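These come from TrEMBL:
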type: ACT_SITE; residues: HIS221; note: active site, tele-hemiaminal-histidine intermediate
type: BINDING; residues: GLY56, SER57, GLY58, HIS59, LYS109, ASP114; note: substrate binding site
type: DOMAIN; residues: 9-336; note: domain 'DhaK'
type: DOMAIN; residues: 372-571; note: domain 'DhaL'
Amino acid sequence: MTSKKLVNSVAGCADDALAGLVACNPNLQLLQGHRVALRSDLDSLKGRVALLSGGGSGHEPAHAGFIGKGMLTGVIAGAVFTSPAVGSILAAIRAVAQAGTVGTLLIVKNYTGDRLNFGLAREQAQAEGIPVEMVVIGDDSAFTVLKKAGRRGLCGTVLIHKVAGALAEAGVGLEEITKQVNMVAKAMGTLGVSLSSCSVPGSKPTFELSADEVELGLGIHGEAGVRRIKMATADEIVKLMLDHMTDTTNASHVPVQSGSSVVMMVNNLGGLSFLELGILADAAVRSLEGRGVKIARALVGTFMSALEMPGVSLTLLLVDEPLLKLIDAETTAAAWPNVAAVSVTGRKRSRVAPAEPQEALDSIAAGGSASKRMALVLERVCSTLLGLEEHLNALDRAAGDGDCGTTHSRAARAIREWLKEGPPPASPAQLLSKLSVLLLEKMGGSSGALYGLFLTAAAQPLKAKTSLPAWSAAMDAGLEAMQKYGKAAPGDRTMLDSLWAAGQELQAWKSPVADLFQVLTKAVKSAEAAAEATKNMEAGAGRASYISSARLEQPDPGAVAAAAILRAILEVLQSQGV
């Protein structure tokens, strides 16, 4: 089946993509009649070397995203994964020559079509008397045995753009730039890995992978890699990649070893999430530093993609201080990241968290009868929520993302772990405050925030007194905080409905003759009835408010959970005969 793509036409997608980039970037211009983008200030380059690169489209932001002061002068783009036309390459060379540049360096990735077409354009330009040199970049570290074709050109080519651009901006001559770039290219390696293939507009995926397979050592045109490995953790895959690309028995290895200083690029091949990219970058930093490698600079992002391929490539470039200065040199290229000129390795990556304010000592020692009773209550609440996990998740699937039970179970497990550390505070105010912090840190989601708000606010009236009127006031304060920040109201089909119904009954505790269990029993029953009634409500807040009320045929899971918590508290207190 052909993949879906948001294009106007398959035939015109490369032209449209380049036109869109130029339309949004005043620093770029199109060369009429050709798929060529050039710096709009071309005339300012008189007397300097011009840098041209390019290749097939589909690798965005490469290569046109790297046009700018301090990087490329221009780019010649082919159709998707196809070498650009010789005529367009030659037109670009002529255009920069007419602007008064003193020579042109062609930076070409090592693919047969690119070598042939750029090479032929170079020969024709030289025949016209235009000084042109060409460097062919092969940074692929996938192949253990090198064949005649050599190493493929991958994301490391972007670093060559940067180095050559800094040299050209500094006024270095064509011959010297060519010499230095060739030296730098030998100290670089790249290796890619992908979870699945990509698909050229109008075509099917370029290769198939099983659900438990990962492609190692693939190129940037959707071609298969050198071998397939089993799916593993990010740490394991990064280790495997670094082992492979630094193995001295690998003919295409990059000579990185303990004590080396490198620039590291973590490149999104197009379809990887930012979350995964961050995890892989962290794994790469830890793995390299664990090998004694100094990471002088870390570049993380999308530099050279393969359409929507969900994968990543790692590039390592051995550097010294002079080379780092070229990497750090200023550029206006839109796709080059703004990276601080500071070594990654050796810097402090964390700050000590501020100490929590000292609390007053419990009026009743922890471990006493009140503390033990609170531990029993909490244990019953935890076992109740764990037992409801699947039921709450099932209720949540109708109106949310199906994780309400999981979220509450996460809270229950966190409370159990906390109880193992010692008896809970005997002071109700301190207990609620500690629970609020615990749930905010461990529970997650909006439920964690709402419970945290409720408990934080409810703790305040209990600091001075712990009488029944104080507990009623605590319930009022908690409900007020939930409404203030959660924006829900009674009747909006949320956990507030259960708590609000209970709170209304607990108003009776403000009477001097109120009975603890009589009022609490009525409050729990009201909460349970309110939870059941939510199935007939139209959601006015929360995630459920975004879907059709016709689909909401079950009670709100948050309301059910809140009512179950209140029931657990009541049962333990009754069993203890408080």
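Each position is counted from 1, following the chain as shown.
Glycine too: its Cβ is placed from the backbone N, Cα and C atoms.
Other C-beta atoms found within 10 angstroms of the C-beta of SER57 (substrate binding site) number 25, with every protein chain shown included. When the binding-site residues GLY56, LYS109, ASP114 are screened for a Cα within 10 A of the Cα of HIS221 (active site, tele-hemiaminal-histidine intermediate), the ones that qualify are GLY56. Neighbouring residues of the recorded substrate site, listed in sequence order and excluding GLY56, SER57, GLY58, HIS59, LYS109, ASP114, comprise GLY54, GLY55, ALA62, HIS63, ALA77, GLY78, VAL80, PHE81, THR82, SER83, ILE220, HIS221 (Cβ within 8 Å of the Cβ centroid). In sequence order, GLY55, VAL136, ILE137, GLY138, ARG152, GLY153, LEU154, THR157 are the residues near LYS109 (substrate binding site), counting only same-chain partners six or more apart with C-beta under 8 A. A simple Cβ count within 10 Å picks out one of the binding-site residues GLY56, GLY58 as the most packed, and that one is GLY58.
Candidate recorded positions: HIS59, HIS221. Fewest other C-beta atoms within 10 angstroms, HIS221. Across the domain 'DhaK' (9-336), the model assigns an average pLDDT of 96.
The Cβ neighbour count for ASP114 (substrate binding site), using a 10 Å radius and every protein chain shown, is 25.
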